[in-house]
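Asks: What follows is a single structure, and I will ask about it in a moment.
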Amino acid sequence: MNPALQGLITILFGVGGCVAYFYLSNLFLDKVLFPARGKNAGQNINRANMVRPWLFLAPALVALGLYLAYPVVETFRLSVTERLPGGASQFVGFENYRRMLAEDKFWEAMRNNMLWLLIVPAAATAMGLLVAQLTDRIKWGSFAKSLIFMPMAISFVGAAVIFKLIYDARPAGQSQIGILNAMWLEFDGGIGSIIILQIIPILIFAFFAVVVFYAAWITAGPVIKPNPHSQISTVFKALRIVAAAIFVWLGVLAALNVVDVATAQFDYGQPQTWLTIPFWNNFFLMVVLIWIQTGFAMVILSAALRGIPEETVEAAVVDGANPFQIFFKIKIPQIMGTIVVVWTTITIVVLKIFDIVFAMTNGQWETQVLANYMYDKLFRSNDWGVGSASAMVIMLLVTPILVWNVYNARKEMR
Amino acid sequence: MSNIAGTKSSLNWAVQISVVLLVVLWIFPTVGLFVSSFRTADQISSTGWWKALFPTEQSETLRAADPDDFAVQLDDGTWAVTGNLYEEGAQASISSWGTSSRDISAYVPGDIADLGDGETITMNETGDYVWTSVEQPSGRGQRVFVTATNPPEFTLENYDTVLGEGVIQSILIYAAAAAVVAVVVGFATKSVGLSNFKMAAYLSGIVVFLVLSLVYGLGTGQGGGQASDNMAKAFFNTLTVTIPATIIPITVAAFAAYALAWMDFPGRALLIAAIVGLLVVPLQLALIPLLRLHLQIGIGKGYLGVWLAHTGFGMPLAIYLLRNYMAGLPRDIIENARVDGATEYQIFTRIILPLSFPALASFAIFQFLWTWNDLLVALVFLIDSSGQTTVMTRQIVELLGTRGGNWEILATAAFVSISVPLIVFFAMQKYLVRGLLAGSVK
């Protein structure tokens, strides 16, 4: 049968079936089970109204339970069992986890995922905020926004093809068809190359290092020099110290990068196969996701910027604040809540990232990420134990955000 | 005050310029794919696509015609082969040429090159050549190296290869016809005073397009080979996955969202919290348990499985979006209806559903984009070893692997796959933005 026809029939059956279910089950409830007449009419109406929500909810609850809740439990069970020949399985405790932790590839995936987690949400949110602010007051802003928003509609696989064309490399001597290599070959080791490839990155890294050290200082400040007037709880003290430690670590990394870049020897005149350069290729993959997610961040932050009360900005203008002060000291604090939401939403996308890596490098050249590692284990090595264990790791990483979302949702409903 | 005004306008210019730069940076990659899909394999591999819009100078190796077939004996007894190096219709302008790979620009047009053994060759700027020989020439045609300026040249050939002969042409013609009809219908219904004239325009356009393609068919039906068979099939498979996987979750979720928004029952708050929690559960967890379940209960790998999976995975977002929207509808309308004796089912279908159209549209776009663009769910729940049920994303990954160098096929296939979401995106951007805002900012 023609698949298009088959699809059409399914739509008719699926939608018709759903509607028929809701209609008939309501009819059954009202006319047969608890008819609203006879001597129990009042009681029957009440009973029917108690059952009805569950009739409306039933298909959705089955779908949710079967496709999202049950797999969490079942994956956990699979992660602590081992498959035996013949379909049986045996409890092995944390053996699968131990085997997974012993694998280099797993740690590579963890490291890369952390890199992604660190960079993509930050970069996409920052770019989104920048575009939202810049387009806010110009006439053709909505047109510009819709073009920057466009990659949201493009599949990760499509984006992978688009960026493979950008990263394409031809042997030296042939004309390059990847724009990145074409630009790279323009560098010849002269003073221009040194400015662009070394001095500017050094400045960026140094600036970043200073910013995170400063952030570390601010975070740790109240713990080191306690303010006698305000007591902070031990939990927050601990959190502050952890955050400060992370900032310090980032700062040290950035400082080390300054040294790296300053002493780097570049391969001028040689076309580079960008996706095979270990460590740095991760960044070339991240660019793809940042390109897609910036539009998302921009749309939401732009709405938040519009929602800022005009008076606060006007008051700042009257007080003589310059545009930068208005942006950083007036606007940003007021949309902090939205920034956090955007950040966490992109974080979840990053944790599940699969298609981009699968299509562009398939985890070769040290670009493995957790979701692709899991796919490898489940469907290539057929190792359900370790595959499920790595799926549980992804779940574990998502859990804090899950708890935070539920907590906020409960707070709002009260 | 004048200097303040001055800084303002210069800042404004800086803002305008940086937005232009950002927009260019953002669309540059997609434009690259788009332009490449209209270039031949030779063009793609000889120059970067960003040069395709301008005349390019490129060096090529070409051959004169086969002397065994085309050599003519002249009156004086010598032999000559005449012709043009280029295929018909080419508009190259030769700036220099040579006969040896060591010196490919030894001559300019009009020069006569001595090939030795009494053979000479000469050519003019347009590639017309005269190759003369004292003896009867034999073997292959004379090789020449030319450096020529070629005007920008685009072709629909790749689309013929990927989609089948003539398909893209008929799609473009039907789309143009549909657009004309849509505009006419839009103006007509607007002047009559119909409030949703846009909807009427869209619908009439879609109907015209579908009728035209059903009546006249798409293309000549001549496939362009393996690539075209697979891609056309994958296109329809993707549609087959997408449409039910978009419509069914909406139907199911709308009822549930209504119950969560407007019915009172114990455990409602808990249920809403659970749905918020399930919003972020990674679907990776579901792969093995559900594949096993599908195999056990006999669904196996196939359309039914992938429809069910997409329904399940889309459900939390659908319920969340729709519930938020429905909860914001005015309470009076619903209570009045209840007082007037409407059943819950009637309230839902007659009042809530029509009022919730924007939210339904937002979710429909999300789900459509997500199912159309999905790779992982299709890989696990749909694509079996027979390869009959492949989808476009999978097909493209396959092309990336096997034909990593065939950029013309790859770019065209990728562009075909992203064109449908792009059309949906630009047509219904308003609803997409609204849905995003409802889904994230609370």
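Keep in mind that glycine also has a Cβ here, set from the backbone N, Cα and C atoms.
Grabbed the feature section from TrEMBL, which reads as follows:
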TRANSMEM  A:6-29  transmembrane segment
TRANSMEM  A:50-70  transmembrane segment
DOMAIN    A:110-405  domain 'ABC transmembrane type-1'
TRANSMEM  A:114-135  transmembrane segment
TRANSMEM  A:147-167  transmembrane segment
TRANSMEM  A:191-217  transmembrane segment
TRANSMEM  A:238-259  transmembrane segment
TRANSMEM  A:279-301  transmembrane segment
TRANSMEM  A:335-360  transmembrane segment
TRANSMEM  A:384-407  transmembrane segment
Asks: So, taking each listed stretch (A:50-70, A:238-259, A:335-360, A:384-407) in turn and counting its Cβ pairs to the transmembrane segment (A:147-167) that are under 8 angstroms, which one gives the highest count?
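Replies: Of the candidates A:50-70, A:238-259, A:335-360, A:384-407, A:335-360 scores highest.
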Asks: Using Cβ atoms and a strict cutoff of less than 8 Å, what residues sit near the transmembrane segment (A:114-135) while being 6 or more residues removed from its termini?
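Replies: Counting only partners 6 or more residues beyond its ends, the transmembrane segment (A:114-135) has Cβ contacts under 8 Å with 141-142, 144-145, 148, 250, 282-283, 286, 289-290, 293-302, 305, 327, 331, 339, 342-344, 346-347, 350-351, 353, 369.
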Asks: Going along the chain, which residues at least six beyond the ends of the transmembrane segment (A:279-301) come within the CB cut-off of under 8 Å?
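Replies: Counting only partners 6 or more residues beyond its ends, the transmembrane segment (A:279-301) has Cβ contacts under 8 Å with 112, 115-116, 119-120, 123-125, 127-129, 131-132, 135, 145, 148-152, 154, 156, 159-160, 163, 167, 335, 338-339, 341-342, 345-346, 349-350, 353, 356-357, 360-361, 365-367.
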Asks: Any residues 6+ beyond the ends of the transmembrane segment (A:50-70) with a Cβ under 8 Å from its own?
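Replies: Same-chain contacts beyond the ends: 18, 21-22, 25-26, 29, 33-34.
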Asks: Are there residues at least six beyond either end of the transmembrane segment (A:335-360) with Cβ under 8 Å to its Cβ atoms? List them, or say none.
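Replies: Same-chain residues near the transmembrane segment (A:335-360) but 6 or more away: 113, 116-117, 120-122, 124-125, 128-129, 155-157, 159-161, 163-164, 275, 285, 288-289, 293, 296-297, 300-301, 304-305, 307-308, 367-372, 375, 394, 397-398, 401, 404-405.
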Asks: Report, as numbers and ranges, which residues of the same chain sit near the transmembrane segment (A:6-29): CB under 8 Å and 6 or more residues beyond its ends.
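Replies: Sequence-remote neighbours of the transmembrane segment (A:6-29) are 48, 51-52, 55-56, 59.
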